[in-house]
Every structure is written in C-alpha cells, then in structure tokens.
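> The structure follows.
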C-alpha cells in the first residue's frame with residue numbers, strides 16, 4: 001500500500017504547481033483520473049498500476065513489423081531503424097539508458113502513425129494504454145514562451161513521477177519544430193547513462209520526438225537520388241542520420257536548436273521519413289477507401305493520388321502533404 005501511495009503521489013506532483021496554462025490543467029486532470037481509478041473500490045482496472053508495470057514486456061517484434069509493413073507506406077528506412085532500435089532496447093533486461101528516437105520528415109509521411117503503432121504494440125491489449133503513454137503537443141501544452149521556466153519544472157516532475165510508477169513509460173513529443181528553444185533540454189538528465197537518479201531508474205523508458213524540421217533536407221537528398229536515376233532504397237542511412245542531426249542543431253525552426261541533447265549525443269536515432277511518391281499515395285487512398293467501407297475504385301485512387309503529387313512543380317514527384325489530406329479527399333469524392 002505504501003508503494004501504491006508513493007505512485008499516486010508522484011503522479012500528482014506536477015499538479016501542485018499553479019494552473020497557469022494548458023499543461024497544468026492536463027496534468028491535473030490526468031493525475032486525478034489515474035488516482036481515482038487506482039483508489040476506487042469499483043475500479044475498472046484489472047490490475048494495479050505497479051502490478052501491470054512489473055509484468056514482462058509484451059512487445060512482439062514480428063507483430064509490430066507486420067503492422068508497420070501493412071499500414072506505413074514508402075518508409076523502408078524508418079521501419080528498418082525503428083525495428084532495430086526496439087530490438088536492441090528489448091534485448092536487455094535493464095538497458096543502460098532510455099531509448100530516444102527523433103522522427104523527421106514532411107507532414108503526412110507517417111511519423112505520428114509509426115509512434116501510434118509502437119504504443120499499440122508495447123503493452124498487452126487488456127491494459128489501458130493511456131496510463132503508460134504520455135503525449136505532449138507543443139502547441140497545446142507549451143504555448144507561452146514566457147512560461148518556459150514553469151514548463152521545465154512541470155515536465156521534469158511529470159516524467160519523474162510516471163517513470164517512478166511505471167519504468168516502461170512511453171513519452172511522445174509532437175510538433176518539436178515549434179518547441180520553445182531550451183525547453184526540451186530540461187529532460188536531459190533523464191536520457192543519459194545513469195544507473196538511477198534519486199532512486200529512479202529510467203533505462204526502460206522510451207522517448208519519441210516528432211519533427212517536421214529536417215524534412216526539406218531529406219526531400220533534397222531523395223530528389224537528388226531520383227534525378228541521378230538511383231533508387232531511394234539505396235540512400236545511405238548513416239549519412240542521412242548525420243546530416244539530420246547537423247541540420248536540426250543549426251535550424252532555428254527546430255526545437256533542438258543548439259540543444260544539449262544533440263551536443264551530448266543523447267538522441268540514439270535520427271529517423272528519416274522520406275517524401276511520398278505517387279505510388280505511395282495510391283496505397284494511402286486505397287487503405288482509406290477500405291477504412292470508410294467503400295470498394296476499391298482504381299480510377300478514383302489514381303485521380304486523388306495524381307492530384308496530391310505536386311512537388312517539385314516541374315516533375316510532380318512527391319506529395320507535399322504526404323497522406324495528410326487523403327481521408328477528406330476520399331470523403332468528398334464518394
């Protein structure tokens with residue numbers, strides 16, 4: 001019971017700060033909801049938080065690979081690196097540091113989808129995932145530059161509290177290109193090679209950053225390969241990762257601008273999401289027709305995909321929005 005009380009306390013620590021912004025509100029609501037479920041005698045939870053977290057990790061790499069191959073199009077490099085990263089992390093019972101991945105690419109290329117697939121496969125189906133997955137939206141949770149000092153404290157408390165309660169926690173940060181400079185460096189202590197920090201072990205936590213920053217550099221390289229009649233599959237991963245880390249470190253429109261996370265090599269993988277070609281957008285349209293319950297219509301699929309491949313203007317090789325607007329286009333076309 002003491003452990004239970006400690007877990008609840010750590011989860012609620014961020015709520016002790018003044019509710020001056022959306023992050024305070026969301027932390028309060030989230031902490032209160034978890035505490036209520038843990039303490040209620042009629043809780044719908046099938047196991048307590050600590051009992052669930054002590055269970056064996058359930059990630060099945062074969063299943064997640066199947067999900068990625070079936071739902072994500074045109075991202076062989078990203079899928080390859082993600083699977084390798086997860087496999088390496090899961091291989092150790094007690095990893096030396098948290099797994100930290102940064103996804104880069106144009107909007108609509110699959111960054112959010114891949115992070116969702118990881119979350120869906122990381123825990124058993126009968127365990128409510130929202131207690132283990134923590135999604136931070138820069139626009140929603142960190143909107144005011146004048147409150148950065150407060151966000152830093154809250155973010156540290158939130159991560160410390162949730163990892164204390166559940167070591168295998170997943171933290172997803174979206175819209176990193178809009179993150180206030182210096183804010184993400186506040187979590188630097190949790191991402192390094194430490195046995196423990198103040199009695200808390202962080203090695204089993206997973207951090208994923210979603211970035212549009214770096215997308216232009218990735219597209220530039222992919223386009224160069226296409227113009228030289230080389231396959232996108234032959235783009236060297238190591239070279240692209242190195243260019244990405246340099247690009248976002250120097251880019252003022254990146255949340256990692258001059259970040260210590262990059263300087264101290266705390267991001268394990270910079271993962272490129274390539275721009276989507278006509279054939280990839282066609283697959284997105286095909287899948288969306290299935291999701292909306294419509295039969296496949298090859299003419300319609302080709303029409304929508306062709307209208308979306310608009311970059312560069314001369315060649316019309318890539319979709320500048322990826323598959324972002326496919327659902328609405330299908331809806332309007334039926």
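Each residue, glycine too, has its Cβ placed from N, Cα and C.
So TrEMBL lists the following for this protein:
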- 105, 106, 107, 108, 109, 110, 111, 112: ATP binding site (BINDING)
- 276-330: domain 'Torsin-1A C-terminal' (DOMAIN)
- 1-19: signal peptide (SIGNAL)
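Structural setting of the listed features?
All protein chains included, residue 111 (ATP binding site) registers 28 other Cβ atoms within 10 Å of its own Cβ.
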> Centre the Cβ atoms of 105, 106, 107, 108, 109, 110, 111, 112, go out 8 Å, and tell me which other residues of that chain have a Cβ in range of the ATP site.
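Here the non-site neighbours turn out to be 103, 212, 215, 273, 322, 324.
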> Let me make sure I understand the structure: which of the binding-site residues listed (105, 107, 109) has the fewest other Cβ atoms within 10 A of its Cβ?
107
> Counting Cβ atoms within 10 Å of each candidate's own Cβ, which of the binding-site residues 108, 112 comes out highest?
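By the 10 Å Cβ neighbour count, 108 comes out on top.
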